[in-house]
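Worksheet: the structure to be examined is printed underneath.
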Amino acid sequence: MGCGVSKSNQFHKNSGKAIKSAVLIQRWYRQFVARKEMRRRYTWHIFQSIEYSGEQAQIKLYNFLGYLMDNFTPASNERNLISHIFRENEVCRDAEWERYFCYKNIEVPDLYSGPHLTFPLTVEQAVGLVEAFRNKKQLHSRYVLQLLLETWKQLRLLPNINRISTCHSKEITICGDLHGQLEDLLLIFYKNDMPSLEKPYLFNGDFVDRGKDSIEILIILFSFLLVYPSEVYLNRGNHEDHIVNLRYGFTKEVLSKYRMHGKRILKLLQKIFSWLPLATVIDQKVLVIHGGISNTTDLSVLARVDRHNYNSALRPPKKRHQSVAGESIDSDEEAGSTNKVIQRRPSLTFPRTLTKDCFQNRSLQDFSDRLRANTVEEVEIHKRLPGPLGPENDTSQSCESISSEDEWKQILDLLWSDPMAQDGCVPNEVRGGGCYWGPDVTEDFLNRHNLQLIIRSHECKQEGYEFCHNRKVLTLFSASNYYDVGSNRGAYVKLGPDLVPYLVQYQASSMIRELSVRQSAGRSERSANKVLREQLFAHKSDLICAFKKLDSENKGRVSLADWASAVESVMRLGLPWRIMRSQLVTGRPADSSIDYYEWFNELAIKGANADHIDQSLLETLYRHRSTLETIFRIVDTDNSGFITMEDFRQTWKLLSVYLKMEITEEAISDLAVTIDSNQDGSIDIEEFMEAFRLTDKKSRLERGRSMFMGTATDLTKLEGDPNI
């Protein structure tokens, strides 16, 4: 019996140790998972914050340029440099546009080995285009223009809101943002098959920008639209906008792939984008839009707007002036369209007495409040020609008058808005356009329109999709590996007659299949930290000033807590800087303080001839690199890739006014001489932008996408200063 007691005590003793060990392992594992989740969240936060601040910077730049257009004299140099981007709808009949876009004088050489097209387009030709692009072939510019012309004609027949239905034998596949990532589209077609009579598709905007194959994606989608006009549907996204394309790569892509006819292709695409439908309703119950809604969104209003007047949703179309003969003498809207019965209504005008800070507001809604709407003259709503799918186009339907400002805000909200967890509707200050809307707004909108679900895109989600607002809003994003390889999955959704979403996830990159989950997460984290380090260096002057305020003894060192506080005060990204210190600062001194001068010495600006250039100018150049490139491409009116020395100086003057900083003529001249190495009197934009890149002394940093430029602190500096 005693032996048995001894064995029992030993058992309880060992089991106690096992339990303690299990508790320690469990505690360690929970800490490990918590740290991993925290790192995942701040990595994602870095990517998303810098992306959205880039969009806000683009809108602010456009508002600034619009201010110059409206307030500078017509003969001013600054106005002449940028006026062409605001001539959005030159007065020209459709027949005249078709002559301008004519492809018949473009010959296809015998050496051309890419796909050949004949019209009407066949299924075999559309499939052949997919295979050709899979094999890295390029479609000849003659066929591109011909395809785009046919697409333009087709889109003009469609209503603002497509209305489609499923049936017992069909389900519709809905895809979100593709952003020029052809690999994702090819994978979707591989997993789900290509569009056909039995396989309808809806693509929900943002086909272009950021990726390298935007034009190929457009060609594929447009070709299937022409082959299956009742099975393929396209919604407009906020990147189907020629102003946004200037910053995010699509303009550059087209001009590099089609050097001779790229300008005509871009102009035709500008018109095509303006004719893309704004929304799609499935079975009268599911609304598919690119961005979102607001508390004022009304589908009956959206069904009646002249969508093609909005070449860019960032600015309302200008009011048309009538001559004595009754014909328009303004060049901001298109005349002679296929709807001859349309009476063009007056639009918003910018008043002559705009205050100088009007373009500095945080959002387009704020900016629009300073626009003078014509409240005396009521708007006459025309009757659209009936479309094949839209009952809202019935010519017998009576329409109430709406103001141009209202309809512009409706379109802006539709393309730029994001959902939020809290109730209410507030301006989207993060993106700079649209709004944030809450669950109460969703509930009210669905009840008013007798709908049950909103499917939208516009936001990258780590799993490729996300439900919110009690599963009544579904965000869908189809561009996998968007920020970096392994950063996120893509997804598409299939809707059958029961309207229950069936989601399919994927990751398109072949590289991701070679990485473990840990390697994939580590790669994304390293990429985010590289982008963040670039931004920290680009704000060197502001950061050093913040450090000096905390370095009372001028030792060149600050404590870890002070370092974290100073960095957050400048960058305003809401990141756990103390935890991230090991990722951003090399070395770990015994006193845990940080030598901030040595920290910045770890980074340098590439370029052997940059030593004699003013360092503050270099920092400005890098910090606003993307904005400067956008201005360059605006100034380059003939899309040649070159600008004159005088235009180069004017570009820097525009930037200095925009940033409210002094840049001397001498500094600009030194910079120009440095770039113009062959002394031909012109600046190559590509060489200029590549000449100044941030590099790590230990490892060359990959060139960041144009979305990773500018932070919130740059944008807030534009607020409240009347001295422009």
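Cβ from N, Cα, C; glycine included.
Residues or ranges marked as domain 'EF-hand' by TrEMBL: 538-573 (among others).
Annotation source TrEMBL lists domain 'EF-hand' at 623-658 (among others). Note: the domain 'EF-hand' (623-658) comprises 26 helix, 3 strand, 7 coil (DSSP; helix = H, G, I, strand = E, B).
TrEMBL lists 663-698 (among others) with the feature domain 'EF-hand'.
The region 'Disordered' annotation in TrEMBL covers 312-340.
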Residues in the domain 'EF-hand' (538-573) grouped by DSSP into helix, strand and remaining coil: 24 helix, 3 strand, 9 coil
Average model confidence [pLDDT] within the domain 'EF-hand' (623-658): 74
